[in-house]
Structures are given as C-alpha cells and as structure tokens.
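Enquirer: Per TrEMBL, the features are:
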{"type": "TRANSMEM", "residues": "26-42", "note": "transmembrane segment"}
{"type": "TRANSMEM", "residues": "54-73", "note": "transmembrane segment"}
{"type": "TRANSMEM", "residues": "85-103", "note": "transmembrane segment"}
{"type": "TRANSMEM", "residues": "115-134", "note": "transmembrane segment"}
{"type": "TRANSMEM", "residues": "174-192", "note": "transmembrane segment"}
{"type": "TRANSMEM", "residues": "199-215", "note": "transmembrane segment"}
{"type": "TRANSMEM", "residues": "245-262", "note": "transmembrane segment"}
{"type": "TRANSMEM", "residues": "322-344", "note": "transmembrane segment"}
{"type": "TRANSMEM", "residues": "356-374", "note": "transmembrane segment"}
Amino acid sequence: MRKLNLLLIIFLLTLPMTYMLSLKYITTNYIIVMLITIAAFFKKNPKKKEKISLDFLLYIGFIIICALGFLFNNNSSDMTFVKHTLSYSFILICYGIFLPRYLEKNDIKIEMILKWISIMVLITCSFALLEFFARNFMPSLLNVFQMLKLDSIAKYDALYFEKYQRSRAFMSESGHFAMFVNAFLPVSLYYLNKYKKKSIFIIYSIICISGYVVSFSAGSFVSIAVSFFIIYPMYAIEVRSKKKILFFIMFLFISLITLYFVKDIPFFQGIKDKLFLVNDSGRFWRWQFSYESFRSSSLSKILFGRGLGYLSYNFDTGSTNWFIETLVETGIIGLLTLVSILGVSIKKIISLKSEFKYFILIGLISMIIQYNIISDYWYPWIWTTMALTKYFKYVEYLEEGDGDN
C-alpha cells in the first residue's frame, strides 16, 4: 500500500473549508473532488475486477430520482431548482461513486488517511480557538484575518452565557463546524491514541475539544452524546467487559441527573425556543409547513417529490430537516433510497473487524442525528465518511482474500 498523494492530502485538508476560500457555490473541496473524479474515471484498478455493487446502484437510483423530481416540477426552469438538482447530482457522483473508486485504485494506507484527518481536525479546532479569542478578547485581530482573507465569518452578534460570541472556524455557521468535528474527531482520537505518545494524545485532545466547545452548538453536543450512548453499549457487549458495561450505566445515570439540574439555564431555554417558537426560527413550525407540502401533493409527487430546491424556493432556508426535505423534494422513493444508502454504510462499518469501526460509527450516527435539525446536504462530511467506509471495507476484503466489500 502507498502513502497519500498530494491530491488526496489537499482533499482532506480542504474538507472543513466550506466557506473560507470558496466561491459562492463552489468550495475548494468541490474542485479537488472533481479532479479526483476525473482521475478515477481514467485509471484502472489492477487488484479488483470492476463490478456493480449495491451502494453504486443506490447512488445511481438517487440521481435518477432527482432528475424525475426535476422533470415533474412545474417551476423547473427556475435557477433554484436547477442549482439544487445539479448540486445533489454532483455530490452523489463525485463523493458517492468516484471518491471510493479513486481510493481503491491508489491503494492508500488507512493509517495515512487517519493521520491527515487528525491533522485537518487539529488545524480547524486551533483556528476556532484563535477566532474565539479574537472575537471575544482582542477584536483587533479580526483586521489581520481580513487582510489575510481568513475572516470567513460574517459578524455574529448572538451572545452565549450573555457574554461570548461562538466560533465558526472555516464554516458559515457554528453548528456546521461542530458537526464537522463530530464527524472526524472520534477517528482522530483513535489514531492518536494508537499510534502516538500519550502526551501528544492529551495535548491534541485538549486543543480539539476546547475548539469544539467554543462552538456552543447544543445540537451537536446532544448529537454526539446520543451517538455515544448508542454505540458504547455495542462496544462493551462485543468485548464482553463487565467493567465497561457498569461504567456506561454509571455514566448514563450521572448524565441524566446533571441534565435534570441544568435544564432551566438560559442555554437550554434557547434550544427550546429554537424548536418550539412559531416563527421563521421555530423548527417544528418549519417541519409542519414542509410536511403539509408533501401531504397536499399529487401521487407522482408523493412518489418522486416536488423537485430538489422546492422548499428553498418557497420557504427561503427550507425545512431545516434533511429527511423531511428529502421526503418533500424526492418523494417516498427518494427518502427510502437515502435511508438505504445510509443503512448500507452503517452495515459496512459494523462488519469491519477493527475496533476503530466504533469511532467511525459514532461520527456517522451523530451526523445523522444532527441532520434532523439542519438540511445542508451539500456539506461533504457525511458523504466522505461513507466513501471512506467503503474503502476501509475494501482494504479488509483484500487482506482476508474473500468476502464482499
């Protein structure tokens, strides 16, 4: 197996840059993945006969469903629908189909992938800490960011604990930054713990967790906590460790007690308002509006959707729930296809022999949970996680000499 080439290193390092160094609709990572797609298309894989896999069929099926929804849409000529249809198709083709093929054809070491993921997370969280310090304690530093074209975030006035502005790092929103950390910090900690000195692991953990905390993203905190509570018992049961099972029960009990006593602080009140207020910010209000759009549809649109971009066209920012948005815009068949894509990836992760599967799974499950309160499907993190999962399974397939990747 080989080390990462320059193209893949740049791809991994630009994963968090969804706002910084980006054009209006095209991120640096999109440009790199386009180059990867072209390279994967022309390069043959000497170790594996090309065959049609289930996830390949699901991705192709989803692209067809997106096209049908676009054709059934009465306003398909509007640029909102064109943009979303092209965006979704681009992501499915580049990240879903060609990125894992490129990894397979280049025969990359898993350890090298994890190494550069950990570097990417460290850079992002370090920048988040620097940003937090600049915004809250030394605003003059923001001028330096602007001079260096690093001020990727518009001024954000909302205060947390009535004092602090939160960090967004290289993204447009702090919740999205926190989702990125949820996706890749668990596998980064696994890599550091296994391959580096304990002192390096501790310093790395302090920096990254501190950067993550100053996002003040309640949705991300809850998502990673729920994901941990789902995955850790699976790990404890598989290794048959009574100590780990008892630790989990004790930790769960302490967490529930803590939640009971802190539930009325202003931070949690803000979460309740975001969910229940009857205005443009209220999540439930948006979900209800979106679901009514589905219920009032014709049979063809119930099956294949109203077209990607419908909710953004009619409701500005959409439903802020990826799964409801998928139901409305791609129909029942589209939602089932998306759930199947996620299910196939989860099955691949669970079937991995290495214990680092639990760290991948924590990241993927936390993103799936958080996607119930956001709908930004164009972020590359969940698609990249699924592509890496397919590659990790492929490597295991080669090492064992049999099985299905």
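The backbone N, Cα and C atoms fix where each Cβ goes, glycine too.
A TrEMBL annotation is a machine prediction, not a hand-curated record.
Tell me what's around each of these sites.
Expert: Counting same-chain residues at least six beyond the ends of the transmembrane segment (26-42), those with a Cβ under 8 angstroms from any Cβ of the stretch are 7-8, 10-11, 14-15, 17-19, 90, 93-95, 98-99, 101-102, 105, 380.
Long-range contacts of the transmembrane segment (54-73) within the same chain: residues 81-82, 85, 88-89, 92-93, 96-97, 300-301, 304-308, 310, 329-331, 333-334, 337-338, 340-341, 344-345, 386, 390, each at least 6 residues beyond the stretch ends and with a Cβ under 8 Å from a Cβ of the stretch.
Long-range Cβ contacts of the transmembrane segment (115-134) within its own chain (Cβ-Cβ under 8 Å, at least 6 residues beyond either end) map to 4, 8-9, 12-13, 15-16, 141-142, 145, 153, 164-170, 177, 180-181, 184-185, 187-188, 191-192, 195, 204, 207-212, 214-215.
If you look at the transmembrane segment (199-215), the same-chain residues 6 or more away from its ends with a CB under 8 A from one of its CBs are 118, 121-122, 124-129, 132, 164, 166-169, 174-175, 177-178, 181, 185, 188-189, 192-193.
Long-range neighbours of the transmembrane segment (356-374) within the same chain, counting only residues 6 or more positions beyond its ends whose Cβ lies under 8 Å from a Cβ of the stretch, are 114, 175-176, 179, 182-187, 189-191, 194, 219-220, 222-224, 226-228, 230-232, 234-235, 283, 320-323, 342, 345-346, 349-350, 381-382, 385-386, 388-389, 392.
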